[in-house]
Every structure is written in C-alpha cells, then in structure tokens.
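So the structure is just underneath, and the comments pick up after that.
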Amino acid sequence: MSSDTSASRPPQPDTRTASKSESENPAIPSPHPKSNAPLTNRDWWPNQIDVSRLHPHVAEANPLGEDFDYAEEFAKLDVEALKADVISVMTTSQDWWPADYGHYGGLFIRMSWHAAGTYRIHDGRGGGGQGMQRFAPLNSWPDNVSLDKARRLLWPVKKKYGNKISWADLIIFAGNCALESMGFKTFGFAFGREDVWEPEEILWGEEDEWLGTDKRYPGTGERELAQPYGATTMGLIYVNPEGPEGKPDPIAAAIDIRETFGRMAMNDEETAALIVGGHSFGKTHGAGDADLVGPEPEAAPIEQQGLGWKSSHGTGVGKDAITSGLEVVWTPTPTKWDNTFLETLYGYEWELTKSPAGAWQFTAKDGAGAGTIPDPFGGPGRAPTMLVTDISLRESPIYRDITRRWLDHPEELADAFAKAWYKLLHRDMGLVSRFLGPWVPEPQLWQDPVPPVDHPLVDDNDVAALKDKVLASGLSVPQLVKTAWSAAGSYRNTDKRGGANGGRLRLQPQRNWEANEPSELDKVLPVLEKIQQDFNASASGGKKISLADLIVLAGSAAVEKAAKDAGYEISVHFAPGRTDASQESTDVDSFAVLEPRADGFRNFARPGEKAPLEQLLLERAYLLGVTGPEMTVLVGGLRALGANHGGSKHGVFTDRPGALTNDFFVNLLDMGTEWKASETAENVYEGHDRATGALKWTATANDLVFGSNSVLRALAEVYAQDDNQGKFVEDFVAAWVKVMNNDRFDLK
C-alpha cells in the first residue's frame with residue numbers, strides 16, 4: 001500500500017514533438033487523448049459482446065515463438081547469481097534517478113507490491129503473474145508513478161540473463177531481494193511467471209478520470225464497493241493514502257483498507273503486517289509543486305522513450321523528486337528491517353499537516369522527534385511523518401490491537417509479514433506444482449493444496465472396465481456430464497484456482513453451490529464413490545483411482561456414449577493422476593468466491609441476475625480459458641447432451657437429447673423459426689414455427705447469442721453444415737478434454 005500516487009496531465013500537445021505539459025498532483029484528472037483512428041465496432045455498438053476477449057494473447061504476438069519453454073530455460077539459470085546482480089543494482093545509485101539513502105530497496109518493494117497487488121479475488125484477475133506492469137494502463141496508473149524507473153534500473157539484469165528470467169518473475173523477485181538485502185528473512189519465493197507481450201483488456205473501473213470513485217460505489221449512502229473491483233479508486237492499487245476521496249480521516253480509511261485488502265484475500269492481520277512491513281522501508285516523494293510533473297509514460301513525448309512523469313521541479317530527481325505528492329519517511333532506519341515503524345507510530349502524538357506538494361499527511365505533534373529521521377541525500381534531519389492510512393493502524397479498532405501486540409512482540413510481526421508477503425507475491429499463481437526454483441516452501445492452505453499421488457495409477461484396461469461400470473450404474477448421460485462439468489468448470493485461468501483436481505466437488509462449499517444442483521450430486525456422488533471403493537478394494541498391485549479422477553472419467557464415458565448414439569465412435573482422452581483433497585485442506589471462505597453467479601454452459605443464472613446472460617457466458621468462457629470456437633462447440637454439445645441446470649429445456653434444440661449431435665446449431669439457424677421474448681417468463685425466448693405459429697423451442701440469451709452475434713453466428717454456421725457433423729463431435733471432445741484438464745499442470 002506504499003502509495004506513491006502521482007501526477008497527471010491535461011489535454012495532450014497537438015504536435016508529436018511538443019514536450020510541454022501541465023499536470024496536477026496529487027489529484028489527477030483524466031487523460032484526454034486525441035486520436036485520428038477510426039471508430040471501432042465497440043464504439044458503435046458498446047453493448048455487443050466482444051468475442052475477441054477470448055483470444056487475449058495470440059501466439060503471433062510472442063517473439064519467442066510457440067515452442068519456447070520457460071521452465072526449460074529457467075532450469076539453466078543460476079538463481080544465486082541473479083540475486084547477487086539484483087542486489088548490486090539495488091545498491092548502486094544512478095545519477096539519472098538517484099537512490100534514496102543509496103539503496104533502491106524501497107522502490108523495488110513498491111514495484112513488486114504494485115505488480116502483485118492488483119490481484120482481486122472475485123474474478124482472479126490482476127496480479128504479477130504475466131508482467132502486466134510493463135504495459136498500459138498499469139504502467140501509467142497514478143499509483144505507479146516512478147515505477148518506470150525501477151524497471152529501467154533492472155534492464156541490465158534482464159539483458160544479461162535473457163530468456164532464462166521473465167520480466168514477470170524479475171519484477172516480483174526484485175522486491176523479495178530488496179527485503180533480504182535490508183535484513184528481513186523472507187518465507188520463500190517461487191519463480192514460474194511467464195511473460196505476455198501485449199496488454200489485456202481488464203475492467204478496472206467505469207470512471208473516466210484518474211482517482212475517480214463515483215462509478216464503483218452505488219450512491220445509496222452505503223460505502224459498498226461494487227464487484228469485481230479490488231480498489232476504491234480508479235488508478236490506485238488499494239486506497240487513497242490521504243483518506244477516502246482525499247479526506248484525511250484515518251477511521252474511514254481503515255474501513256476502505258479492510259475492504260480492499262480483503263478483496264486481495266488478506267485478513268486483518270495479514271493486512272496490518274503488509275502495511276507495517278512495507279512501510280518499514282524507504283519513503284514517499286512530494287518535494288514540490290505537482291503541477292511541474294509531466295505526463296505519464298503512455299502520454300510522454302517519444303523522445304522520453306517510455307519514461308514518464310518528467311518533473312521540472314528543481315532537478316526533478318533525488319531530493320527534488322515528486323511521485324505521490326506525499327513526503328513521508330516512516331522510520332529512522334529506512335534501509336534496515338526493525339520495529340521502528342511501530343515504535344514511531346506509537347511513540348508520538350500526531351497532527352495533520354500537508355506535504356510540500358499539498359497532500360494530506362501527519363507529522364509528529366509540537367515538533368517532537370525533530371531531526372531524528374535521516375534525509376535521503378544527507379540534508380538536515382527531519383521530523384517523523386506518517387500517511388493518513390498509517391495512522392489508521394493506530395486509531396482504528398480494526399487494527400489497533402494487532403499492531404499494539406506487535407509493538408511488544410516484533411518476532412510475531414516478522415513472522416506475519418513474511419507469510420503475508422509470500423502470499424501477496426504468489427496469490428495468483430495457483431498450485432505449488434506450477435512453481436519453479438529452490439526456495440519454494442510447503443504448500444499453504446490458501447494455495448488450495450492437493451495431496452501427491454501415492455499409489456499406482458489405473459491403466460487402459462482399468463479405465464475401460466470403470467467406464468463400463470459407470471455406464472451400467474443407472475446414472476444418465478446428463479447426470480454424468482453435469483457432474484464432471486460442475487467439478488472441472490469451476491476452474492479460473494486467471495488465478496489458476498478451481499478445477500476437478502482435488503475432488504472438492506464432494507466438499508463444502510462446492511457441494512452446496514446452487515449451480516451444482518446439490519440434490520443431483522446427492523444422487524450421483526454416492527454411486528461413483530461406491531464404484532471407486534469397489535475398485536480400490538479389488539485392484540491388483542495397489543492401484544487406486546481417486547474420486548476426482550472417476551468424476552472426470554465418468555463424464556468422458558458419457559460423452560463417448562452420446563457420440564456413439566449420434567453415430568460416431570470416438571475415444572475421449574483421459575489422463576489419471578488427480579487426487580482427493582480433504583475438507584481440512586479446503587478453506588471454505590476462500591473457495592466461496594469461485595461460486596458462479598451464472599454459467600451459460602449449463603444455462604444457469606442465479607434468480608434475479610441483472611447482467612446480460614450472454615456477457616456472463618463470455619466471462620465464464622474467459623475464466624475457463626476457452627476460445628470462441630471452443631465456447632461455441634461446448635455450448636452446442638452440452639445442450640445436445642441435456643446438461644442444462646435443473647433439466648431445463650431451454651436451448652435443447654433436438655428431439656434426441658443425450659446424443660452428441662449438431663442439432664443445436666441446425667435448429668438455431670433454421671429460418672422456419674421465429675423468435676420472440678416470452679410474455680410469461682423472464683429472460684426466456686420462444687421459438688415459434690414461422691408458418692403455423694406453433695411453439696417449437698424455448699431459449700435464453702445464452703443460446704440465441706449464437707444466432708444473433710455476427711461472429712458467433714459465423715462459428716455456429718460451421719458446426720451446422722452437413723459436412724461438419726463429424727468435425728463437431730471431434731471439436732467438442734477436444735474442448736471437453738481441455739476443460740477437464742485445465743488444472744492438470746503436471747501434464748503441461
């Protein structure tokens with residue numbers, strides 16, 4: 001939360017070479033870009049779904065090529081040499097951006113924190129896992145002022161080690177190295193973040209100006225932050241360090257802190273530990289008039305080569321630097337780990353003051369402590385200072401007891417900060433099986449751990465026998481398909497959570513999710529558990545099958561049967577190796593955010609859902625990591641299989657449900673059907689025979705979008721063609737296997 005929230009800009013210069021700019025800091029107005037580009041389809045039709053969202057990182061954009069294997073390259077890396085080089089950079093001040101106290105540690109901590117800290121629990125977006133801080137809008141957020149300099153300082157290291165270390169890993173690793181170089185013992189570190197090569201469209205907020213808040217709060221008088229946002233303010237990581245909407249109220253700020261850190265999966269103790277620990281190092285920057293700070297990197301003149309916020313206040317750097325507009329040094333030891341942040345926080349009474357840039361902050365009252373805080377460049381000593389949000393840790397009952405305890409027990413703070421910092425840096429990386437490097441600690445509860453395989457796996461003969469038992473069990477194709485989808489369809493590609501591995505469909509909270517039809521699971525799971533138990537009790541050589549594997553295998557057997565019933569023999573690939581997690585290794589509260597509000601693949605939406613269903617379908621497809629064609633074929637196939645939630649007939653455009661046919665597409669595109677909104681059922685459409693007026697089908701927007709949206713209609717036409725019935729089956733099976741294996745990182 002070390003929030004150097006800086007300067008912004010007014011309208012852009014009219015010529016490419018014009019370098020003058022005006023800016024305001026710390027209150028930053030919106031950029032006003034001028035563009036001669038033609039209007040896009042989204043400009044003309046903003047409510048139309050954008051299928052291109054499902055293809056955010058095309059292979060052609062990757063200069064390393066499709067065959068590049070980051071894990072293979074990383075294995076060649078000398079991580080100790082890398083750490084030594086990062087620390088060397090950190091302790092070698094550069095004239096073009098001089099280091100406070102001769103050490104860039106505070107800057108690097110902030111860079112890593114602000115990369116990882118964009119993570120949000122409601123949709124798993126954000127985080128440092130792809131190196132997105134290099135690109136717009138994050139590289140130009142007001143909260144990220146001067147982090148462009150931090151990344152430039154690291155360029156010699158990246159240049160030296162090349163493909164063996166990604167930018168995503170290096171940005172996060174640098175902050176970890178900073179802590180260690182200043183005497184802090186970290187909990188561990190994992191590499192494994194792969195770079196992307198272009199920005200991704202993420203809804204960070206609907207405000208059209210920096211530091212805006214009006215669109216993310218409902219205006220009902222309640223300060224209830226809308227989902228899925230993780231920050232109170234457009235362009236900030238968490239909260240305004242001057243207080244809500246710049247009002248210096250530490251108690252109100254504490255409420256915002258709790259909400260935003262909670263949306264990053266941090267509890268109160270973890271939140272307090274991160275703030276205290278992070279603010280034990282470095283300083284903020286607000287040396288003078290913020291109007292003298294130039295435009296952000298994306299708006300800076302071309303000759304600045306991607307560096308932004310050039311300041312004409314004095315030298316613009318070092319003692320004259322302006323970043324957040326706040327001028328705070330928290331401790332007398334800003335390059336050393338100790339307990340002086342809390343000793344300072346509780347050792348003085350505080351009064352509200354303003355920085356040289358006009359930002360609200362607190363200073364020790366009545367001149368107390370004058371001269372005890374060192375100047376970063378050898379000038380006269382300073383008075384103790386704190387952010388409004390620092391005072392929250394003392395004044396708010398939410399955090400007071402926690403920080404008071406740490407004042408007397410610094411070893412507890414060190415342990416809490418080490419674990420919270422590790423969680424911050426790795427929250428978006430998924431299972432430990434994805435982690436690389438020698439410093440990976442034991443799996444933590446928040447990482448949704450699954451036990452290792454400790455037995456021989458089933459072979460092809462076992463798989464065939466188990467399929468026969470499943471199909472002879474009395475369970476129907478829709479039941480088996482829906483159960484497998486309920487397990488695997490919980491996966492989120494954003495933060496690599498959910499999925500079938502772990503068998504958590506049988507555990508709380510997933511067992512009772514409305515989307516998963518608990519009453520149906522109560523029928524299906526006991527049957528599968530009996531098959532599992534019988535096999536494990538009788539199999540030779542100690543072979544076993546987990547329920548997680550059997551759920552997927554059963555769904556795949558149902559798909560094979562459905563394809564056969566449609567006239568196609570096909571084998572659905574199955575890779576055993578999933579294991580069953582325990583309820584004790586499942587954080588119920590943490591998993592609750594994975595519960596789907598809607599799943600268009602099952603034609604499910606919670607009652608009263610107001611968002612357009614087709615948009616929610618697209619979002620679910622995005623989270624699953626499927627493409628436009630894969631989304632299309634999956635919806636059509638699942639409708640044919642009768643896999644709708646609650647057995648609904650919406651979108652089941654076939655007279656032979658349970659067979660894997662392309663009837664959904666054929667009948668959707670039939671011009672003999674005329675569609676209209678139902679007069680009796682909300683969010684339902686009726687398809688009537690155009691000649692007789694007889695009711696033929698019912699549907700939701702999840703179905704009709706494949707005939708309405710021009711891109712999806714083009715895909716639907718492919719699968720409706722007479723010569724593509726076999727292709728439809730093959731493509732459905734391939735997409736099905738992809739979803740079933742999304743969380744099988746051991747296979748990738």
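Quick reminder: no glycine exception, Cβ is built from N, Cα and C everywhere.
Feature annotations, reproduced from Swiss-Prot:
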type	residues	note
ACT_SITE	H114	active site, proton acceptor
BINDING	H279	heme b binding site
COMPBIAS	1-16	compositional bias 'Polar residues'
REGION	1-43	region 'Disordered'
SITE	R110	site 'Transition state stabilizer'
Please report the Cα separation of H114 (active site, proton acceptor) and the residue listed as 'heme b binding site' in Å, rounded to an integer. 14
Cα-Cα separation of H279 (heme b binding site) and R110 (site 'Transition state stabilizer'), in Å? 10
Neighbour count, 10 Å Cβ-Cβ cut-off, for R110 (site 'Transition state stabilizer'): what number do you get? 28
Note down the number of other Cβ atoms within 10 Å of the Cβ of the residue listed as 'active site, proton acceptor', including every protein chain shown. 26
Inside 10 Å of the Cβ of H279 (heme b binding site), count up the other Cβ atoms and send me the figure. 27
What kind of secondary structure is H279 (heme b binding site) part of, going by DSSP in three states? coil
